[in-house]
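J.: The following feature annotations were taken from TrEMBL:
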type     : residues  : note
TRANSMEM : A:12-32   : transmembrane segment
TRANSMEM : A:62-79   : transmembrane segment
TRANSMEM : A:91-112  : transmembrane segment
TRANSMEM : A:132-154 : transmembrane segment
TRANSMEM : A:174-205 : transmembrane segment
TRANSMEM : A:217-238 : transmembrane segment
TRANSMEM : A:244-261 : transmembrane segment
Amino acid sequence: MLEALQLPFIQRALIAGVLVGAIASYLGVFIVQRRLSFLGDGLAHAAFAGVALGLLLGTQPVYVAVPFAVAVALAITWVRERTSLGEDTTIGVFFAFSVALGVLLMSMRQGYTADALSYIFGSILTVTWPDLWAVVLLGVLMFLLLPLWGRWAYATFERELALADRLPVLRQDYLLAALIAVVTVMSVKVVGIVLIAAFLVIPAATSRMLSPTFARMTLWAVLIGVMTSLLGLFLSYYLDTPSGATIVLIQVALFLLALLLRQK
Amino acid sequence: MIRPTTSDQFSPISLRPAPLEVRDLTVAYREKPVLWDVDLVIPEGQLCAIVGPNGAGKSTLLKAVLGMVPRASGTVQFFGQPLQAVRRHIGYVPQRSSVDWDFPTNALDVVLMGLYGRLGWFRRPGRAEREEAMRALEQVGLAAFAQRQIAQLSGGQQQRVFLARALAQNSDLYFMDEPFAGVDAVTEEAILQVMHELKGRGKTVVVVHHDLETVRDYFDHLTLLNVQVIASGPLEQTFTAENLKATYGERMSLGR
């Protein structure tokens with residue numbers, strides 16, 4: 001393994017895996033408490049359509065997938081706030097739209113679609129420099145936004161009170177949705193489109209059962225996200241298993257352990 | 001309609017604009033008016049009740065006034081100013097049933113969150129805020145429960161946490177949505193104490209209330225609401241059989 005760490009594509013995979021694990025779990029805490037799990041699922045499929053469009057255009061897929069997924073995230077939030085349709089219905093519509101669009105775009109592409117499969121099931125060893133730079137950029141952005149944690153927590157706990165205190169609750173909704181969209185696209189290569197929703201939610205759900213306060217829940221979720229990503233990547237290297245599936249299976253194992261250990 | 005009268009209330013600060021002045025306020029959900037042409041003046045330093053039947057728009061009135069639901073028309077002024085200018089001087093205690101009690105947080109954190117409104121962007125509550133929050137919890141008899149998960153508090157204790165939050169905010173005008181609904185005797189007493197403490201400090205408290213039997217004992221000022229304002233003014237003038245009948249319909253009487 002030590003000599004493997006010398007290889008640039010392994011280094012990129014590790015850095016991307018750890019960063020994406022941390023950011024996804026951090027946002028996952030808000031996803032779990034706001035009951036937005038389905039949003040992660042919908043946005044993962046928006047990422048699929050974005051990736052398909054990028055492949056068709058012959059550019060770095062991440063350059064197309066990020067704006068596309070963010071646009072879908074903002075649209076979902078907008079429709080949800082302007083209509084009385086439920087969250088699930090709104091997301092369901094955009095979910096279907098994205099999958100249909102993605103399939104259509106894939107079919108328009110000439111030739112072999114093996115690389116498309118690597119997006120669906122993840123393929124961390126194909127993380128490119130542009131992928132990594134995008135992840136690092138998102139990491140810096142999230143770090144700069146850390147001081148807003150308390151306000152996000154407040155609006156997550158009691159939306160009405162936060163509104164009464166004139167916190168910019170609506171702006172937060174859009175910002176959170178956009179950030180979730182970005183981290184979703186970043187997670188595509190790490191765990192694959194079909195596992196992203198789990199990757200976003202399970203560390204937060206695990207720490208939720210062990211933490212008495214939201215602060216600790218956040219801390220533990222990030223820790224679990226980072227550790228399971230690292231462990232999963234090492235294991236998948238040694239056992240020659242798919243990285244995404246390995247990470248998510250470890251997360252589920254931890255989740256089950258927390259379920260047993262949970263107080264009350 | 002009995003118009004509110006402020007001219008007969010002698011007070012040294014009567015020249016100051018009222019804590020709350022609502023003019024021609026209408027709120028509608030899809031064409032259907034929930035509040036219709038509401039005019040309301042809340043006098044300073046008093047305990048004011050808003051009373052009316054279910055669906056009368058009491059909670060909506062609080063939310064519309066605080067900008068939490070959109071207004072179809074009308075103006076709202078606080079101390080003669082728009083909401084944005086005075087928002088830090090206004091406290092709000094929500095209905096207990098609207099809160100997510102399973103949220104992983106403790107009593108102290110809930111009180112601290114109430115202070116975010118006055119902290120600037122990116123500032124986190126520090127030691128001064130923590131001390132203030134602890135004092136507020138002490139005042140409502142919950143100092144020993146500061147670190148307790150809110151899910152593990154009784155209904156009354158939960159209500160008192162939100163009172164402590166309001167106290168810590170040290171506002172000039174308070175809105176409380178049904179604070180007495182479904183609480184135990186200890187909490188009812190605590191709420192009353194806090195209300196009187198606030199009054200003693202010259203604060204104004206507006207309470208959405210549902211229990212006609214206690215209105216007379218608890219409040220100085222009464223607004224009867226049923227989509228429209230039926231009557232609003234000092235309790236002894238407004239708490240009449242005639243007004244109650246106009247608010248609740250024929251079946252209701254004072255003796256009930």
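Just so you know, glycine gets a Cβ as well, placed from its N, Cα and C.
Automated prediction, rather than curation, is the source of TrEMBL annotations.
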J.: Does the structure show the transmembrane segment (A:62-79) and the transmembrane segment (A:217-238) touching, where I'm treating 3 or more Cβ pairs under 8 angstroms (sequence separation 6 or more) as a contact?
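T.: In this chain the transmembrane segment (A:62-79) does not contact the transmembrane segment (A:217-238) - fewer than 3 Cβ pairs sit under 8 Å.
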J.: Name the range, of those listed as A:91-112, A:174-205, A:244-261, that has the largest tally of Cβ pairs under 8 Å with the transmembrane segment (A:217-238).
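T.: Per the Cβ count, the answer is A:244-261.
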J.: Given the transmembrane segment (A:174-205), which of the listed stretches A:12-32, A:91-112, A:244-261 has the most Cβ pairs that are under 8 Å apart from it?
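T.: Top-ranked stretch among A:12-32, A:91-112, A:244-261: A:12-32.
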J.: Grab the same-chain neighbours of the transmembrane segment (A:12-32) for me: Cβ-Cβ under 8 Å, and only residues 6 or more beyond its ends, written as numbers and ranges.
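T.: Sequence-distant neighbours of the transmembrane segment (A:12-32): 5, 39-40, 124-125, 127-129, 131-132, 135-136, 138-139, 142, 152, 156, 176, 179-180, 183, 186-187, 189-190, 199-205, 207-208, 214, 217-218, 221-222, 224-226, 228-230, 232-233, 243, 247.
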J.: For the transmembrane segment (A:244-261), what are the same-chain contacts with Cβ under 8 Å, counting residues 6+ beyond its ends?
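T.: The answer is 17, 21, 121-122, 124, 190-192, 195, 198-199, 202-203, 205-207, 209-210, 224, 228-229, 231-233, 235-236.
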